[in-house]
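Enquirer: Right, I'll just put the structure down here and ask away after.
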C-alpha cells in the first residue's frame with residue numbers, strides 16, 4: 001500500500017492510536033457495533049432456522065395459502081428480510097458516513 | 001433453430017469485442033487493468049457484481065433443480081442471496097478501505113509479511129481455478145447442447161474470448177461484459193417469468209396448485225427433502241453458501257472498482273436488489289419448466305436438469321426465445337469466466353510477481369506485462385484442465401470453491417478487521433488449514449467416492465459422509481487462526497491494529513486526503 005508514513009516529504013503522520021481514542025471515533029465504533037452485531041446475529045439465526053426446521057421436522061409442510069406451505073412462506077420471508085435489512089443498513093450508514101466525515105475533519109485539523 | 005441461436009451468439013461475441021476494443025484504449029496502467037481505475041459508479045458496479053455472480057450454474061442449474069426436485073432447489077437461491085448481507089454488513093466497506101487490487105492487499109495491510117500475501121494469493125488462485133474449471137466444463141457441455149458444437153471447440157471458443165477480454169480490456173472490459181450480461185439475463189428471465197405467470201392467470205396460489213400434481217413427485221414436489229435428505233449436509237451446504245460468497249475472490253475484487261467505501265456499499269445494495277429479483281424469478285423458471293416442459297423431457301435433454309430453462313423458453317416462445325435464452329446463457333458464461341481469470345491473474349501478477357518476486361520494485365510497464373502474461377497463463381491452464389475434466393461431474397468443484405472461500409478466506413478477513421491480538425502466524429495457519437481441510441474433506445467425500453461405478457470419480461465407500469465440508473472446515477479455519485495466534489510467540493502489533501481499525505472504518509489513509 002502506498003502509505004508513505006516514513007517518507008521525508010510528509011512531515012505530519014497520523015497517530016492512529018490517538019484517533020482510535022478520540023471521542024468521535026469511539027462513538028462511531030459504538031454505533032456501528034450496536035447496529036451490525038445484533039442485526040447480523042438476527043439474520044444468521046433467521047436464515048438457519050429454515051434449513052434446521054425443514055431438516056429436522058415437517059412443521060413447515062402444513063399449508064398456509066392453498067397449496068403454498070409455510071416452508072415457501074418462510075423462504076419468501078428470507079427475501080423480504082434481506083431487502084429490508086439492506087435498506088435499513090444503507091439508511092444507518094448515511095449517518096456513519098457523516099461521523100466519518102467529522103473524524104476526517106478532526107484529523108486534518110490536528111484536533112486528535 | 002440453431003441458425004438463429006448461432007446468429008445471436010455472434011452478435012454477443014461482436015458486442016463484447018467492441019467493448020473490449022474501447023476498453024483496451026483506456027487500459028494502460030495497472031490501476032486501469034486491475035480496477036478500471038476505480039471509476040465505476042455504484043449502479044455500474046452493482047450490475048457488474050450481479051453479472052459476475054449469477055453464473056450459468058445458478059441460471060440453468062437452479063431453474064433445473066427447482067423443476068426436478070421442487071423446494072430443495074430454491075435453497076440455493078435463498079443462500080446465494082442472503083449471503084449478500086454478510087458482504088454488505090461486514091466485508092465490503094473495510095475491504096474497499098484497506099485493499100488496492102487484490103484480497104491479499106487487505107490482509108497484507110495489517111501483516112507486512114510476504115508469507116501472508118503468498119498464502120492469501122494461493123487461496124485466491126485455488127478458488128478461482130476450481131470455479132473456472134466448473135464453469136468451462138459446464139460451458140462446453142451447454143454450448144454443445146445448444147448449438148451442436150463439439151465440446152473441445154466450445155471450450156476453446158469460450159477460453160479464447162475470456163482471454164481476449166481480460167488481456168486487452170482488463171477490468172474495464174470485464175466489468176462492461178458483466179453489466180451487459182446482467183441486463184440481458186434479467187430481461188430474458190423477466191420475459192419468461194411474465195409469460196409463465198400469465199399462464200397461471202397471474203395467481204401464485206393457482207401456480208402452486210397446478211405444479212403440485214404436474215411432476216412425478218406429486219405432493220412431495222412442494223415439500224423440502226427431495227434432494228437434501230441428510231440434515232447435517234443441508235446445514236453444511238447452507239453454511240458454505242452464506243459464508244462463502246463473502247470470501248469469493250472474483251466478487252471481492254469488484255469492490256476495488258469503485259472510488260470509496262460508501263460507493264462500494266451502494267453497489268452491494270443495488271446488487272442485492274438485482275440478485276434477489278433474479279432468484280425470485282427462478283421459481284417461475286422452475287415451476288414453468290415442470291408444468292410446460294415436463295419431467296421426462298427435461299431429464300431426457302440433460303439428467304441434471306440444466307436444459308430446463310432453455311426448453312421452457314422454447315415451449316413458451318418458440319425458436320426465438322430459445323435462441324435468446326441460449327445466447328444469454330452463453331453471455332453469462334463469458335462474463336463469469338472473465339471475472340475469474342482476472343481474479344486469478346491479479347493474484348499471480350500483483351501478489352506473487354510484483355510483491356514477492358520483485359519486492360514491489362517492478363516498473364509500471366513490467367507489472368502490466370506480468371498481469372497480461374498471468375492472464376494468458378491462467379486461461380491456458382484452465383482450458384487444458386477443462387479439456388481433461390470433460391467427463392467429470394464437476395458440481396463438486398463449485399461446492400469446493402464456496403467451501404474454501406468460507407473456510408480459508410472469510411475467517412482471516414473477519415479476524416484481520418476485528419481481532420486485536422490476531423497475528424501473522426494465526427493468519428497463515430488459518431488460511432492453510434482452511435484450504436487444506438476443505439480440499440481433503442472433499443477428496444474423501446461422496447463427491448469423489450461412490451460404491452457404484454460411474455456415479456462419482458472413484459469407486460469405493462466415502463470416508464467423509466457429507467458432500468459439503470463447510471460444517472467441519474469452516475470452524476477448523478477459525479480455530480486454526482485463533483490457535484496459531486495464541487501459540488505463536490509473536491506479540492500482536494497494537495499500533496498496527498489501531499491503524500487498521502481507523503483505516504477500515506473511515507478510509508483515512510494520508511493527511512493529504
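Even glycines carry a Cβ here, placed using N, Cα and C.
Unlike curated entries, TrEMBL annotations are predicted automatically.
Predicted, not measured: the structure shown is a model, and the values here were computed from it.
These came from TrEMBL, pasted as-is:
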- B:6-24: transmembrane segment (TRANSMEM)
- B:45-68: transmembrane segment (TRANSMEM)
- B:74-92: transmembrane segment (TRANSMEM)
- B:120-145: transmembrane segment (TRANSMEM)
- B:151-170: transmembrane segment (TRANSMEM)
- B:182-200: transmembrane segment (TRANSMEM)
- B:235-256: transmembrane segment (TRANSMEM)
- B:268-293: transmembrane segment (TRANSMEM)
- B:320-348: transmembrane segment (TRANSMEM)
- B:369-389: transmembrane segment (TRANSMEM)
- B:395-419: transmembrane segment (TRANSMEM)
- B:426-446: transmembrane segment (TRANSMEM)
Enquirer: Most CB pairs under 8 Å with the transmembrane segment (B:45-68): which of B:120-145, B:320-348, B:395-419?
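Expert: Answer, by Cβ pair count: B:320-348.
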Enquirer: At a Cβ cut-off of 8 Å, and with pairs 6 or more apart in sequence only, do we get at least 3 pairs between the transmembrane segment (B:6-24) and the transmembrane segment (B:151-170), yes or no?
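Expert: Touching, yes - the transmembrane segment (B:6-24) and the transmembrane segment (B:151-170) meet the threshold of 3 or more Cβ pairs under 8 Å.
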Enquirer: Would the transmembrane segment (B:74-92) count as touching the transmembrane segment (B:151-170), if touching means at least three Cβ pairs under 8 Å and pairs must be 6 or more apart in sequence?
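Expert: Contact absent: fewer than 3 Cβ pairs fall under 8 Å.
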Enquirer: Do any residues, 6 or more residues outside the transmembrane segment (B:320-348), come within under 8 Å Cβ-to-Cβ of it, and if so which ones?
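Expert: Same-chain contacts beyond the ends: 1, 4-5, 7-9, 11-12, 16, 34, 51-52, 54-56, 59-60, 101-104, 120-121, 124-125, 128-129, 131-132, 135-136, 138-139, 142-143, 146-147, 158-159, 161-163, 165-166, 170-171, 173-174, 177-178, 180-182, 184-185, 188, 191-192, 249-250, 252-254, 309-311, 313-314, 370-371, 374-375, 377-379, 382.
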Enquirer: Looking only at the recorded stretches B:120-145, B:151-170, B:235-256, B:369-389, which one has the largest tally of CB-CB distances under 8 Å to the transmembrane segment (B:426-446)?
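Expert: The stretch with the most close Cβ contacts to the transmembrane segment (B:426-446) is B:120-145.
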Enquirer: Give me the stretch from B:151-170, B:235-256, B:369-389, B:395-419 with the greatest number of Cβ pairs under 8 Å to the transmembrane segment (B:120-145).
Expert: B:395-419
Enquirer: Quick test of the contact rule: Cβ under 8 Å, at least six residues beyond the ends. What residues does that give for the transmembrane segment (B:395-419)?
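Expert: Hits for the transmembrane segment (B:395-419): 57, 90-91, 94-95, 103, 106-107, 110-111, 120, 123-124, 126-127, 130-131, 133-134, 237, 239-241, 243-249, 304, 426-427, 430-435, 437-439, 441-442, 445, 447-448, 467-470, 473-474, 476-478, 481-482, 485, 500, 504.
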Enquirer: For the transmembrane segment (B:369-389), what are the same-chain contacts with Cβ under 8 Å, counting residues 6+ beyond its ends?
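Expert: Contacts of the transmembrane segment (B:369-389) (Cβ under 8 Å, skipping residues fewer than 6 from its ends): 30, 33-34, 125, 128-129, 132-133, 136-137, 140, 152, 155-156, 159, 162-163, 166-167, 170, 337, 341-342, 344-346, 348-350, 353-354, 362.
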Enquirer: Quick test of the contact rule: Cβ under 8 Å, at least six residues beyond the ends. What residues does that give for the transmembrane segment (B:151-170)?
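Expert: For the transmembrane segment (B:151-170), the sequence-distant neighbours (Cβ-Cβ under 8 Å, at least 6 residues beyond its ends) are 13, 16-17, 19-21, 23-24, 27, 32-34, 36, 136-137, 139-144, 176-177, 333-334, 337-338, 341-342, 345, 371-372, 375-376, 379-380, 382-383, 386-387, 390.
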